[in-house]
Amino acid sequence: MNGLGNEILVVDARADVVVAAALTPDAVRAIAASPRTAFDQLMLMLPPRTPGTDAFVRIFNADGSMSGACGNGTRCIAALVMAETGTGHATFETAGGLLPAWDAGGGLIGVDMGAPRLAWNEIPLAEPFHDTSAIELQVGPIDAPILHSPAVVNMGNPHAVFFVDDAEAIDLARIGPMLENHPIFPERANISLAQVTAPDAITLRVWERGAGLTRACGSAACATVVAAVRRRLTGRSVTVTLPGGPLLIEWRERDGHVLMTGSFEHEHDGEIALDATLTAAQPAA
Ligand SMILES: N[C@H](CCC[C@H](N)C(=O)O)C(=O)O
């Protein structure tokens, strides 16, 4: 499947948990490395653990690491479950909590991504910052930085958002890996370049932790709107346009939850012979 071109491989292990044990980081990397099954994130659906939920979900990045959140992937599995149950709702559980999703009409799916966490040790950062809406971090010459003072937000996963005048003007493929792995982020971070074009519109490019440049990143869009509201750059309801298309993001006043609405696509179904994949991925002796 994909969410705005963010490539999502859904592994449905709700009825076959043996599959889950086989998905070691090596197996995940091997599947991601094969052109026919390449993905940005793998959503592993496991049997529900809490009454009222449809699946327990684990999220892997292409590099085999795990993430606490994936907005685009959540819309994809929500669409699958809703097609199956014929209802307009689905609820998932991850290590980070519950994710309610609904049919928003017109081929769009909504997800309640929960409340952002904003304290420095919740991002997490390696050292205390009182104000996480702009932390001291810069790239380039001290007196003329290319990027500086990102906002940091945890949406179930760590994000750093740089507000820029022109998101296209920066070589994110070059700068992204350096920032993703900067020592200030002990669990690494997803790196976003956000260009505010109106009080209700942002253009966004994302370098994803564990996946690199992607066509879209739902949790980054959520983190960006939280950051923009904190910096008084936009209102609470914003259309975020990623290379793959738009997401509507609302940071709800009532309970501080972030709601994300956007499209999804079911590309094809198939079977992966895990053993064969793994064998193929073994380095030659
Ligand atoms: N593409 C995802 C985010 C993946 C996050 C992952 N790269 C990490 O935090 O490790 C999204 O739509 O929210």
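These residue numbers are counts, starting from 1, taken along the chain as shown.
Just so you know, glycine gets a Cβ as well, placed from its N, Cα and C.
Residues or ranges marked as substrate binding site in TrEMBL: N6, Q41, N61, G71, N72, N157, N190, E208, R209, G218, S219. In three-state terms derived from DSSP, N72 (substrate binding site) belongs to a helical segment.
The Cβ of C70 (active site) lies under 8 Å from the Cβ of I8, Q41, M43, I59, N157, G218, S219, each of which sits 6+ residues away along the same chain. Under the heading active site, TrEMBL lists C70.
Residues or ranges marked as active site, proton donor in TrEMBL: C70.
If you take the C-beta of C217 (active site, proton acceptor) and look for same-chain residues 6 or more apart in sequence within under 8 angstroms, you find N6, G71, N72, N190, S192, V206, E208, L242. In the three-state DSSP classification, C217 (active site, proton acceptor) falls within coil. Per TrEMBL, the feature active site, proton acceptor maps to C217.
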Which residues does N61 (substrate binding site) neighbour through Cβ under 8 Å, counting only same-chain ones at least six apart?
D40, Q41, L42, S67, E208, R209, G210, A211
With the substrate site defined by N6, Q41, N61, G71, N72, N157, N190, E208, R209, G218, S219, which remaining residues of that chain have Cβ atoms positioned within 8 Å of the Cβ centroid?
D40, S67, A69, C70, G73, V206, A211, T214, C217, A220
Neighbour tally for R209 (substrate binding site), based on other Cβ positions within 10 Å of its Cβ:
26
What count of other C-beta atoms do you get within 10 angstroms of the C-beta of N6 (substrate binding site), across all chains shown?
31
If you measure every Cα to Cα distance among N6, Q41, N61, G71, N72, N157, N190, E208, R209, G218, S219, the residues said to bind substrate, what is the biggest one in Å?
16
